[in-house]
Amino acid sequence: MPKNSKVVKRDLDDEVIESVKDLLSNEDSSDDAFKKSELMVGDQEEKDVDVEEGSDVEDERPAWNSKLQYILAQVGFSVGLGNVWRFPYLCQKNGGGAYLVPYLILLLIIGIPLFFLELSVGQRIRRGSIGVWNYISPKLGGIGFASCVVCFFVALYYNVIIGWSLFYFSQSFQHPLPWDQCPLVKNASHTFVEPECEKSSATTYYWYREALNISSSLSESGGLNWKMTICLLAAWVMVCLAMIKGIQSSGKIMYFSSLFPYVVLLCFLVRGLLLNGSLDGIRHMFTPKLEIMLEPKVWREAATQVFFALGLGFGGVIAFSSYNKRDNNCHFDAVLVSFINFFTSVLATLVVFAVLGFKANIINEKCVIQNSEKILKLLKTGNLSQDMIPHHINFSSITAEDYNLVYDIIQKVKEEEFDSLGLKSCKIEDELDKAVQGTGLAFIAFTEAMTHFPASPFWSVMFFLMLVNLGLGSMFGTIEGIITPIVDTFKIRKEILTVICCLVAFFIGLIFVQRSGNYFVTMFDDYSATLPLLIVVILENIAVTRIYGIEKFMEDLKDMLGFSPSQYYYYMWKYVSPLVLLCLLVASIVQMGLSPPGYNAWIEDTATEEFHSYPTWGMIVCISLMVLAILPVPIVLIVRRCNLIDDSSGSLASVSYKRGRIIKEPVNLEGDNTSLIHGKSPSEVPSPNFGKNIYRKQTGSPTLDTAPNGRYDNSSKRI
């Protein structure tokens, strides 16, 4: 019996081999590359195999070790420095708690649908951004290249911010903190406080003079700042070591880099709530100003924040999701990560305003003491009458409420000569209304508040370590948005490409660690990403809904997820999201046109910031950044349209797909409707993926059933 079984098995194997030969015999004889490629027969559901064209070597696509690791990677990429220093500022500026309403509405209209779209195409096609958009429409392959260029521009200056955080982190192991007091200057006769510091503040002076050693204009380079150069090198070494093995190395680091910021934020929230005045800050933050919601600017800024908070258009979302299994529930992932991002922003806002409320109370107390001393002097000189002061007021221990009462009385009685008295209104609300964002919040306002904390070095170490981790999480996704598409397309070794990318980025990044480097960071932040990313995401939406076909895409999602997504996404993708994105693009262009292009320069003599317009060469750089970022889209379109580069040449115009490539000549399989399903010309159809089906020799050409998404269905009838 065993002997007969072996005979039967051998006969079956012979039939399978002959069937495969029959299939290959139907190919165009001129397509030698396809004949050389290895045909794999295996369980496609267990593992996905990428086969290089003309190679017999199997290149297994990496996969996440666990779903938790993947979620943490997406959270780490989407939750970044903007959640800590941009979202609180926008809340403060745009109506406090009322700002959360437009933000949530736009999160549901453009945030979650577009995030779900990018997750879906990455998981479905299992390629980086270049391969994904080449697959959907080779003429729109430039979308992926544009994403890579934007990622590179952003990575250049974003890692500089990580370098700044590393510098402050290294300086935090001192007591007192080095930015606690203004430095003293000694000369031959006496010692005095540094004038630049005395005119501003200790933390402001430390940031501009000690950390950045900033020049007075963009045109004044001032040479390299060696301290920041070392910190930038350290930041790129950290990124390179974490990314050199792809998700196998960066995925493990995500457990720390994604979770540690939440530990720090919760610790800061608990500590902040115990500080005097913290509730004043939180109350000010969440006091809604409903009238501001009617302003178009609020909705534009909310849409922009939603757009960038989720990392749309960078390619990192697509790259991370491409390492998932095909049946992963990416809809759940999109909703989960989007709301984690939102609640992280709210948590960070609570922390920031609790600390700023504490800082405002300290400043207010100093204001009350200084102005009370002025009132006492005015009483002694007879400029003010003692009769104006209520009897219960004690200037030796006066409260803020009592001072404001005296202030209002003096203002009414001495209305005409009040300005000459030099008294100031000391109100916490006035201090909290001073909008601070970005580096001003992290490296000036927050550092100043922490100098008043008990055990301030500990809290400073924790805060800047949190900033480093937030930055690294976003950098991993940004670099993945560069590395994965290039590796998938050009089959370069990931380790070599990662090292080259980091080295090139470091040397280009030296322009950001000059003494004028902070001004270049502002330039890149303003001009290298906003408009190009908006255009990229609009084209992504159009490519899926109009070119690939929204109905076919919904069928693909049903096949991939095992259930039909809500029709809500159908209408969002097809009508609402493109319209909102176009309005946002127009509003951003108008805003950019109305706002004079320039930067805030630090003037040493006055110790203040002063607005400077960009010089002519600076304007050329700004325009070049936007043009270079979006230029790949028309270039690839023209190249494909005019057939300037042959698809089989392996050049920029060609791209490898799952177990194959773009086939130049049609596959002459009778009854093969793959090109009809995808709505593509035969030259754009990827090579077929053969699963575990057994094709037996028959008279006539074989007929293969295809799944709705264009793959050969494992459940199709066996011939």
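Backbone N, Cα and C define each Cβ position, glycine as well.
These come from TrEMBL:
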- GLY76, VAL79, ASN83, ASN341, LEU470, SER474: Na(+) binding site (BINDING)
- 43-56: compositional bias 'Acidic residues' (COMPBIAS)
- 696-706: compositional bias 'Polar residues' (COMPBIAS)
- 24-56: region 'Disordered' (REGION)
- 674-719: region 'Disordered' (REGION)
- 70-88: transmembrane segment (TRANSMEM)
- 100-121: transmembrane segment (TRANSMEM)
- 142-169: transmembrane segment (TRANSMEM)
- 226-247: transmembrane segment (TRANSMEM)
- 259-282: transmembrane segment (TRANSMEM)
- 302-323: transmembrane segment (TRANSMEM)
- 335-356: transmembrane segment (TRANSMEM)
- 458-483: transmembrane segment (TRANSMEM)
- 495-513: transmembrane segment (TRANSMEM)
- 533-550: transmembrane segment (TRANSMEM)
- 571-594: transmembrane segment (TRANSMEM)
- 614-639: transmembrane segment (TRANSMEM)
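Structural mapping of features recorded in TrEMBL.
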residue	record	contacts (Cβ under 8 Å, 6+ apart)
GLY76	Na(+) binding site	MET254, SER257, SER258, LEU472, GLY473, SER474, PHE476, GLY477
VAL79	Na(+) binding site	SER258, PRO261, ILE340, ASN341, THR344, LEU470, GLY473, SER474
ASN83	Na(+) binding site	ALA309, ASN341, THR344, SER345, ALA348, LEU470
Protein Cβ atoms within 10 Å of SER474 (Na(+) binding site), excluding its own: 28
Range from 142-169, 302-323, 495-513 with the greatest count of C-beta pairs under 8 A to the transmembrane segment (533-550): 302-323
Long-range Cβ neighbours of the transmembrane segment (571-594) (under 8 Å; 6 or more residues past either end): 106, 109-110, 113-114, 117, 296, 300, 303-304, 307, 530-531, 534-535, 537-538, 541-542, 544-545, 550, 553
Outside the transmembrane segment (70-88), six or more residues from its ends: residues with CB under 8 Å to it: 64, 161, 247, 250-251, 254-255, 257-259, 261, 285, 305, 308-311, 316-317, 320-321, 323-324, 333, 336-338, 340-341, 344-345, 348-349, 352-353, 437-439, 441-442, 467, 470-474, 476-478, 480
Which listed residue (ASN341, LEU470) has most other Cβ within 10 Å, given these are binding-site residues: LEU470
Region pair the transmembrane segment (495-513) / the transmembrane segment (142-169), three or more CB pairs under 8 Å: yes
Sorted by sequence, non-GLY76, VAL79, ASN83, ASN341, LEU470, SER474 residues with Cβ within 8 Å of centre, Na(+): VAL75, PHE77, SER78, GLY80, LEU81, GLY82, SER258, PRO261, THR344, GLY473
The transmembrane segment (259-282) in contact with the transmembrane segment (335-356), cutoff 8 A, at least 3 CB pairs, sep 6+: yes
Best-contacting stretch, by C-beta pairs under 8 Å, relative to the transmembrane segment (142-169) and drawn from 302-323, 335-356, 458-483, 614-639: 458-483
